[in-house]
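Student: Here it is, the structure, as structure tokens.
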Amino acid sequence: MRHGTAAPQPQPSPSNSLPHRKKKRNRKAAATSTSTSVSSETSFANGPDQLKNHIHDAVIECEQKPKGEQSKGAFPLEELRQRSVKGGESLGNSVVTAVDAGDVKEVSSVAEATSGTAESSELKRVLEDDSISKKSPVLYFFEKVYYGNSVWSTTTIGDEKGRERVYDTIFRLPWRCELLIDVGFFVCFNSFLSLLTVMPTRMLMAIWRLLKTRKFNRPSTIEFSDFGCFLILVCGVTVLQQIDISLIYHMIRGQATIKLYVIYNVLEIFDKLCQNFIGDVLKMLFHSAEKLARCPPETQSMRFWIWRFISDQVLAVVTSIVHSFILLVQAITLSACIVSHYNALPALLVSNNFAEIKSYVFKGYSKDNVHSMVYSDSVERFHISACILFVLAQNILEAEGPWFISFISNILLVYLFEMAIDVIKHSFIAKFNNISPIAYSEFLEVLCKQTLHVQTEDAKKKLTFVPLAPACVVIRVLAPVYAAKLPYNSLSRRLSWILLFSAITYIMLTSLKVLIGMVLQKHARWYVNRCQRRKHHLHAD
């Protein structure tokens, strides 16, 4: 080891370094000219040995050529230029440029270039084979019998994934879909019964508290919302009472320009539009009720929220009346189809349901769209039930002779068609969009959490149902049935019978509400616990 500093080396002068730089430039130019034919930008450690040898031979051949020939830039016929798509990738993932007779073409890998060459040679062999024209038809037929591939020429051999898709479409998805739609139907029914039982009870309790204390306190958010819904219900029933059902029935049944199933389809479309729009209107109304209940009294904001609540209330009343009228006309159309003598009900069911399949199945959907579609089917099934209740009330009032058996058969036909079409629609939507049956179990879990009043992350996953229009229609069609059973006596006896019928109806509806609500709560708690166990222990559904 040397101590001290080393003697400084003499630095070359610029004039002395010029020849050295020229030599370096000449070497670089020679290396560039020899690499014009073959350039390797990827490592060949994992590449085929045959291609390595080929590229090495090409390099040696280029080095042995004179400089004049190298500077021409002409490519050999069998020359390959490999370029890496990503740095450090293997040869199988690189881009290979094949040069054949001056035409440059790029293929994604060496295997693709090899397969393309094999395919072209196979195609050339088949085109040059003219033995078919020399064969007799009998010999050709027996050759296909013994050596042909039969129907395999137009199909592909399946795998386990294809088998799972078939069994998912036929067996696993239909019962999950129908279970989800049925649970959604009972959730809608429970909300409908709450409107007719829980809301009037809360309003009677608020009125009783006001009469007892004789103090007017500002209502809470729930009381404002109940008052708004009660006002919508009263206005809707009052307007529907002024409508002559028999006149609309004869107008629909007597016209010959538009068929009954066309009218029903148009009304169903408007029913879905109104159902969606009135949901947004009620959100506005409940928001105004909340702000009105919480704003400080005797301020400028109090007056603002009062007028806003009134405007939202008017809009909700008008929208609900329009929706109730559409639902009533739809029920009248269904009644006209059922009682007609030229098989209008099968034509209605076939046209309506298969048009639904055509408009939904052959389109692309995401998982969230399918989730909303299932909820829409549950709401639609409840609206059909309201229309069927209208048909039952009309038969009780106007039917002559034995009508119950035919009514039951027609109703079963309607429900069977709806169930079959919903199952077929969702099965093939799931098949075409690669949605597994377990997704419908997840949808049911979300609905059960909504039943248990558990807040979900996305508000779009909630079942939105507004029972105001079906309630107006049901009250409108059942009121004449109750009126027909009242005795024709004095006014006091009629009032007493009205109170008695109202009390009996209220008790029946309250009992049904308690039963359905408790069963839904129990089922929701059981199913959510089951889903949690399945997620933790990886059990199959």
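Even glycines carry a Cβ here, placed using N, Cα and C.
Keep in mind the model is a prediction, meaning the values are calculated, not measured.
Annotation comment: TrEMBL describes 1-77 as region 'Disordered'. Positions annotated as compositional bias 'Basic residues' by TrEMBL: 19-28. The compositional bias 'Low complexity' feature in TrEMBL is assigned to 29-45. The compositional bias 'Basic and acidic residues' annotation in TrEMBL covers 51-70. As annotated by TrEMBL, transmembrane segment applies to 183-208, 229-252, 314-339, 403-424, 463-483, 495-520.
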Student: Quick test of the contact rule: Cβ under 8 Å, at least six residues beyond the ends. What residues does that give for the transmembrane segment (495-520)?
Tutor: 183, 186-187, 189-190, 193-194, 196-198, 200, 451, 482, 485-487
Student: Could you tell me what the rest of the chain brings near the transmembrane segment (314-339), counting residues at least six beyond its ends with Cβ under 8 Å?
Tutor: 228, 231-232, 235-236, 239-240, 243, 245, 248-249, 252-253, 260-261, 263-264, 267-268, 270-271, 274-275, 277-278, 281-282, 284-285, 345, 347-348, 383-384, 386-388, 390-391, 394, 407, 410, 468-470, 472-473, 476-477
Student: Which residues of the same chain, at least 6 past either end of the transmembrane segment (229-252), have a Cβ under 8 Å from a Cβ in it?
Tutor: 195, 199-200, 203, 260, 263, 313, 316-317, 320-321, 324-325, 328-329, 332-333, 335-336, 394, 468-469, 471-473, 475-477, 479
